[in-house]
């Protein structure tokens with residue numbers, strides 16, 4: 001299972017990742033390696049972005065988005081470890097999480113203001129003859145939101161894992177040749193790029209949840 005590049009879709013061993021993940025976080029927080037200041041500055045910068053798209057109906061939702069972003073980022077970073085596949089690489093947990101956010105926001109909007117929630121399906125200023133077609137498009141785009149939200153994150157994270165695995169296999173094969181230094185440099189650079197992707201994907205996921213929440217009446 002661990003040698004399979006596509007074992008990220010196998011969730012049988014995910015529960016064993018909780019203990020090392022929580023132990024590492026406890027170590028960092030306990031020794032306070034300037035982690036609090038870094039997280040505080042990051043939270044303030046991201047909070048200013050989320051605040052522009054946040055609805056006034058949910059007090060404290062920005063704090064929830066910050067926690068969501070941090071959790072996804074930690075999971076993405078842990079997924080960069082060799083032969084480790086976290087929950088953000090698994091389809092079912094992320095699809096369930098996306099469905100939970102989508103269903104909660106949609107149900108809350110329908111219960112709070114049914115007419116205004118449905119009014120989002122009809123773009124303002126659109127020609128009357130095109131309204132049925134535009135409403136159908138908006139309805140389909142609303143229904144597939146949880147799927148696109150989960151697949152976007154999983155596809156980008158899993159693709160990085162597969163490429164890292166292929167580079168590692170190539171590096172192992174030619175380890176005794178002169179090309180191993182070049183391959184090692186490539187893998188190091190790609191690993192740094194994957195850290196950036198882990199940050200971006202966590203940010204995009206939380207930002208899209210914030211945008212969906214901003215449509216709440």
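Every residue, even glycine, has its Cβ placed from backbone N, Cα and C.
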According to TrEMBL, which of these ranges is transmembrane segment: 40-62, 63-85? 63-85
May I ask which of the stretches 63-85, 91-114, 126-147 has the most CB pairs under 8 A with the transmembrane segment (189-212)? 63-85
